[in-house]
Amino acid sequence: VVTIVCLDLGYTLKCNKLVPLFYKTCPAGKNLCYKMYMVATPKVPVKRGCIDVCPKSSLLVKYVCCNTDRCN
């Protein structure tokens with residue numbers, strides 16, 4: 001008798017891509033979702049995805065990071 005056991009050893013985070021209808025599963029080590037947009041147009045995201053460290057925002061670009069599935 002052969003028994004195969006599959007264990008999920010880690011939580012996998014899912015982050016939205018630029019179009020929120022689509023998402024991707026983040027690779028190991030990238031445990032944040034982010035959304036980047038221009039300060040002048042805050043309702044129009046420029047980029048979304050997975051990241052390891054949330055970048056600092058600037059006068060022109062704002063980053064919003066979170067750590068739950070599809071929160072970006």
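Here, residue 1 is simply the first one shown, and the rest follow in order.
Placed from the backbone N, Cα and C atoms, the Cβ positions cover glycine too.
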Recorded disulfide partner - Cys15, candidates Cys6, Cys33, source Swiss-Prot: Cys33
Disulfide-bonded cysteine for Cys26 as listed in Swiss-Prot, from Cys6, Cys50: Cys50
Recorded disulfide counterpart of Cys65 (Swiss-Prot; options Cys6, Cys54): Cys54
Pairwise Cα distance for Cys71 (disulfide bond)/Cys26 (disulfide bond) [Å, integer]: 13
Rounded Cα separation (Å) that holds between Cys15 (disulfide bond) and Cys50 (disulfide bond): 6
Residue pair Cys50 (disulfide bond), Cys33 (disulfide bond) - Cα distance, angstrom, rounded: 5
Most Cβ neighbours inside 10 Å, all chains, among the disulfide-bonded residues Cys33, Cys65: Cys33
